[in-house]
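As recorded in TrEMBL, the features of this protein are as follows:
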{"type": "TRANSMEM", "residues": "59-79", "note": "transmembrane segment"}
{"type": "TRANSMEM", "residues": "91-109", "note": "transmembrane segment"}
{"type": "TRANSMEM", "residues": "154-172", "note": "transmembrane segment"}
{"type": "TRANSMEM", "residues": "224-249", "note": "transmembrane segment"}
{"type": "TRANSMEM", "residues": "261-280", "note": "transmembrane segment"}
{"type": "TRANSMEM", "residues": "292-317", "note": "transmembrane segment"}
{"type": "TRANSMEM", "residues": "329-351", "note": "transmembrane segment"}
{"type": "TRANSMEM", "residues": "357-376", "note": "transmembrane segment"}
Amino acid sequence: MEHVFEFEQRALRENVELLDDSSLANLRRYKYSSVDLSPTSKYILNPFWTWVAGFMPPWLAPNMITLIGISAIVSNLLLVQIYISDFESQAPMWVYFWFAFSLLFYQTMDNVDGKQARKTGTSSPLGELFDHGIDSLNCCWAGVVTSASMGLGLTWYSAVNAMATCVAMYFSTWETYYTHTLFLGFLNGPTEGLLVVVVIHIVTGIYGPQIWNNEIFGVGLKPLYGVIVILSVTVAHVPACLGNVKAALAERKELDRLPMAFRTTMPIVAMVASVALWLSSPVSSVLDNNHLFLYTMAVSFTFARVTTSIILSHLCFQSFPVRSFSVMWVYLGGFVYGILGRLGINMNYFVPEYAYLWLWFIFAFGYFMCYANMVIDKLCSYLGIRAYTIGPRLTT
């Protein structure tokens, strides 16, 4: 364990040291740009978010609003562990209604924080990094809670539900890196997607998780949901991101960068492939011995570390980060338990999978938290700002 932490600290120092003075200087010329085509957001939710923002005290820092929002999702995870740890037991009805409220609360805080930043004059690149970094964590977490709410069980449906949102978030972050604009379509995950999940929780609260065992036109609701999730990401979202990047590069007369841009999607492809190899292996017990929650928690912090690196590189105009120490645990697990397991080499005798999951989770959690803290400190020091309070600028 001591060697794990030594490796972690060395990796952290090497990564944060990449933020040299020239990279930090680019923060001052960064300008946030976004496009939101959702009519739901424009005509319904945005007026509501503006109304809520009016109640925020001027001393409350935007990043604290973000943390308050994600704390509601953390409460959902705790309730899953207490009442639905097998992803299929029926919890008290109030639990599902709390899931719905918490997700709406998170969505609201996730949009109010930016309004608070503009109102208090504390907008900064750190705010974008902090906000989207938290969103990266919630990708996997929201999938876990939804799977438990629908009673999907320790199945591929639950695994896909957690990974699909990560894939969508990766491509959105990748798209923003190359287009320099956060693009939210007519129907998008952060708006309509979350509202659909809220409805799912409410329906479960009214009728119980057994409602999802029914069929519609001869098709089970659970497999139908899985197909919709996969198609939404692979057929709608990913092609849209690819097209937007191609259009942006063409407009800037930089189409020669397109092959390189497409190659930088390989990390998420490799990550998904490793997960698929691992979970489908005959020697893996993640889906059999109630280890899926631990697995998805490790994935969530690993994925958040990857996306925050991309966001930071975008803010500092650095090259796209293709490698991450944290992801190596996914690749190694896919090889050891996925590939070797299929070759008849059961590595569980040497490194039990459950022990490996705990080591991976401890590393991923510690790596992400330490990295986030070090980057926040460095950005605050350079920009002369405070992360969690509002006050006069610090001297730099």
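Along the chain as shown, the residues are counted starting at 1.
Every residue gets a Cβ built from N, Cα and C, even glycine.
Automatic, uncurated: that is what TrEMBL annotation is.
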Using a Cβ cut-off under 8 Å, which residues of the same chain at least 6 positions beyond either end of the transmembrane segment (59-79) come close to it? 91, 95, 98-99, 101-103, 105-110, 112-114, 116-117, 120, 122, 126-127, 130-131, 134, 137-138, 141-142, 144-145, 386-390
With pairs 6 or more apart in sequence, are the transmembrane segment (329-351) and the transmembrane segment (261-280) linked by at least 3 Cβ pairs under 8 Å? yes
When each of 154-172, 224-249, 292-317, 357-376 is checked against the transmembrane segment (261-280) for Cβ pairs under 8 Å, which one has the most? 154-172
Tertiary contacts of the transmembrane segment (91-109), as residues 6+ beyond its ends and Cβ separation under 8 Å: 45, 48-49, 52, 65-66, 68-70, 72-73, 75-76, 79, 83-84, 138, 142, 145, 149, 190-191, 194, 197-199, 201-202, 204-206, 208
